[in-house]
Amino acid sequence: MAEEGLIERENGGLVAMDSSESRWVFQNEDDSDVDEDEEDLPPRMSLDSEEDDNAEQRLIRTGPRIDSFDVEALEVPGAHRNDYEDFTMGRKIILAFQTLGVVYGDVGTSPLYTFSVMFSKSPIKEKEDVLGALSLVLYILILIPLIKYVFIVLWANDDGEGGTFALYSLICRHAKVSLLPNQLPSDSRISSFRLKVPSPELERSLKIKEHLESSLTLKKLLLMLVLAGTSMVIADGVVTPAMSVMSAVGGLKVGIAAVEQDQVVMISVAFLIILFSVQKFGTSKVGLAVGPALFIWFCSLGGIGIYNLVKYGYTVLNAFNPVHIYYFFKRNSTQAWLSLGGCLLCATGSEAMFADLCYFSVRSIQLTFVFLVLPCLMLGYLGQAAYLMENQSNYDQVFFSSVPSGIFWPVFFIANIAALIASRTMTTATFSCIKQSTALGCFPRLKIIHTSRKFMGQIYIPVINWFLLVSCLVFVCTFASINEIGNAYGIAELGVMMMTTILVTIVMLLIWQINIIIVLSFLVFFLGLELTLFSSVLWSVGDGSWIILVFAVVLFLIMYIWNYGSKLKYETEVKQKLSTDLMRQLGCNLGTIRAPGIGLLYNELVKGVPAIFGHFLTTLPAIHSMVIFVCIKYVPVPVVPQSERFLFRRVCPKSYHIFRCIARYGYKDVRKENHQTFEQLLIESLEKFIRREAQERLLESDGDEDTESDDEVNCSRLLIAPNGSVYSLGAPLMADYSCTDKPILEASTSAEVIPVLPGDQSTLDADQSLERELSFIRKAKESGVVYLLGHGDIRARKDSWFIKKLVINYFYAFLRKNCRRGIANLSVPHTNLMQVGMQYMV
């Protein structure tokens, strides 16, 4: 089995090859080359490798491509990645300090409510219950945040990016599991792709890769797991602000006895409105601005814990003996099991360490957690438990009740600051998650505002921001108790954790290729633990926390329906694309007038001539002298270097002046360029491609003068347009160029021979031909650039199932109608737009 873009074996492994070197391709019995990147060629010129899997094939070495999608990739000096290895120790310490303000706000505020929720499910009967609950909390902290996330999951990052979709993207790079069939071998040649291919020696990895790629059921199941985890992350973005703010504001009832719960709710509502209103100003300096506040908060937790240990005794240190967990369950049985949902809250924010990895390095997060966050959290819980040993009835507001009276108000103030920071960063993480899901075709396009010029990951999505605010207010006003919200919080957190466990297991098997016993141990232990905790929170779902499940299900359906509709639309466009033979029959003028200018036809196809182009030809009296099919494509990498952004290929013979351009973006890339900048970059890349093409054709000829001729061929000079008018074909910019139907190979190799028609006897100098084409492009650019937009809507066939009609004709149509148009990202003026609609039956 040969991997795309991989060719030579060194020391038993596969290595990547630069696209300018020789290639390896399959050859069957009749010595016909089979190239998976071949397209738009008549049946006699290319073989479909998917249809000839049973043919006997062997590998042969050929020359470089002369017209390929990897021209620009040859000149990239290095790869883009988040690299912190060269930082000095001082810089690493500063980076670790910054993580406090971005990563640890959520887990840092968990002492405000963990014991309160636990003992609301399992009331304290004796001091041993406090020791048992404390032992549970300590070991959950050690097992989930420390061992699972800090020591294992953080290393499963996608070139410095973390989160559910980053894991999915990482898996998609190593196996073709994406349901959208737009993968190209050229994608693996992006310098930031950094593909690590399973080595031939580990048959298990290759078998897993084969099963994933061949099974549609496994692909759908993997996507559903990712969407379920993402929906839980968004739900977490609703519950975190509600839980954190209400817990912090609830301290007023301890400081001022006259304060009632209704007043706490109203103050929390006001805080939430302010919090979401300032979200649009961004978080570009959030690390340095709020890092000191979180540092003070963690120091306060540790200091208060030490104070309570000294005041109430060190008996609680016995909780490090896990036997107290056994006694806790033995005495309380069902109630102890129900309290597991509250116990989990001590680990909330663990997923944030992984999701926010893009801002920092793995080492900085590990150092901060091990040497500051974990010790302070443990001291805080030990101090609260010591206080409860003597004041068992004060579990409702145990944190604020255990604070010394002399520092109560400063601690109350810093606790509210920490709660607001935790809420703000969780909302920002939700924005990033939605952007990633949009880039990978799993969420409707929304308006995204980049709030920082320096940090591309800092974004703001207005619609989602106000949606989260309304949802938070509904939660706060509906539940009015942190105990009920805490159960919903546990559902959202555990949903994300379980999905992460499964995805990391796949990464271990497919990419890390570690011992199967270690992989199974990780999966069985952590998934078993999380399922046990999940069963606890689900048992209490009837208290109102079912709302969070409904919320997550609605988000899951939105994402799945969007992905399902987009997949059907793409597959239909592939089936209905125009054949190259038809284009050649129309001639270089495409059966219409070629007017001066460049037409950028936006479509989603990465191969073939889109069917919407036929609508333009039959609807308009003229088409531009140069046409470029532009496909905005997101590839499964965080960032695509600017120099590798555009890939080009000729769609028809040179005289047609039709190109295909794929503009590739990573899921973390920022599309901030205006339409003028985009046009300039596109034209510059096209000129570079044409120069490189001419150089490679010249080298391939090896001195042979059988170069492609651009002599004029007598063509019909009159045309009857679709509207009945008669036009002359002597259009500007086209009169000086030939109209030939000579079939050429757009992706030939050195082993191929380009046929020459009998009528093409004369040849032109290669340099003159190149300059003529570049001059043609410049003149077309000066004449103006027009954006040709095809709006392809889909409708279910009449004989389709009722469910499919409901999903496609109503739900997907509603989402598509209300999502943001893709062209809006380029801010193109309406005078430069031309639109044609088309409907597909699926």
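Each residue's number is its place along the chain shown, starting with 1.
Heads up, the Cβ atoms here are built off N, Cα and C, so glycines get one too.
The annotation compositional bias 'Basic and acidic residues' is assigned in TrEMBL to 1-11. According to TrEMBL, the feature compositional bias 'Acidic residues' maps to 28-40. Here TrEMBL flags 95-581 as domain 'K+ potassium transporter integral membrane'. The domain 'K+ potassium transporter C-terminal' annotation in TrEMBL covers 596-840. Annotated region 'Disordered' per TrEMBL: 1-55, in sequence order. Among the features that TrEMBL reports, transmembrane segment is placed at 93-113, 133-156, 221-243, 263-282, 294-314, 334-355, 367-387, 407-426, 459-482, 488-511, 518-539, 545-565.
Packing against the transmembrane segment (294-314) from elsewhere in the chain are residues 97, 100-101, 104-105, 108, 111, 372-373, 375-384, 386-387, 389-390, 402-404, 411, 414-415, 417-418, 421: each is 6 or more residues past its ends and has a CB under 8 Å from a CB in it. Per-residue confidence over the domain 'K+ potassium transporter C-terminal' (596-840) averages 72 (mean pLDDT, predicted model). For the transmembrane segment (488-511), the neighbouring stretch richest in Cβ pairs under 8 Å, chosen from 263-282, 407-426, 518-539, is 518-539. If one looks beyond the transmembrane segment (518-539) by at least 6 residues along the same chain, the residues whose Cβ comes under 8 Å of a Cβ in the stretch are 143-144, 148, 152, 337-341, 343-344, 487, 490-491, 494-495, 497-498, 501-502, 504-505, 508-509, 545. Ranked by the number of CB pairs under 8 Å to the transmembrane segment (334-355), the listed stretches 133-156, 263-282, 459-482, 545-565 are led by 133-156.
Sequence-distant contacts of the transmembrane segment (545-565), counting only residues of its own chain at least 6 positions beyond either end whose CB sits under 8 Å from a CB of the stretch, comprise 179, 223-224, 227-228, 230-232, 234-235, 238-239, 437, 441-444, 471, 475, 478, 484-485, 487-488, 491-492, 495, 537, 794, 807-808, 811-812, 815-816.
If you look at the transmembrane segment (459-482), the same-chain residues 6 or more away from its ends with a CB under 8 A from one of its CBs are 113, 116-117, 237-239, 241-243, 245-247, 250, 261-262, 265, 268-269, 272-273, 276, 279-280, 282, 427-428, 430-432, 434-435, 446-451, 488, 544, 547, 551. Residues 101-103, 105-106, 108-109, 112, 236-237, 240-241, 244-245, 247-249, 251-252, 254-255, 271-272, 275, 279, 283, 286, 290, 293-294, 296-297, 300, 304, 349, 352, 356, 399-400 of the same chain, all 6+ positions outside the transmembrane segment (407-426), place their C-beta atoms under 8 angstroms from a C-beta of that stretch. Below 8 angstroms of C-beta separation, residues 241-242, 245-246, 249-250, 252-253, 416, 420, 423-424, 427-428, 449, 451-452, 458, 460, 462, 465-466, 468-469, 472-473, 476-477, 480 of the same chain, each at least six residues beyond the ends of the transmembrane segment (263-282), sit close to that stretch.
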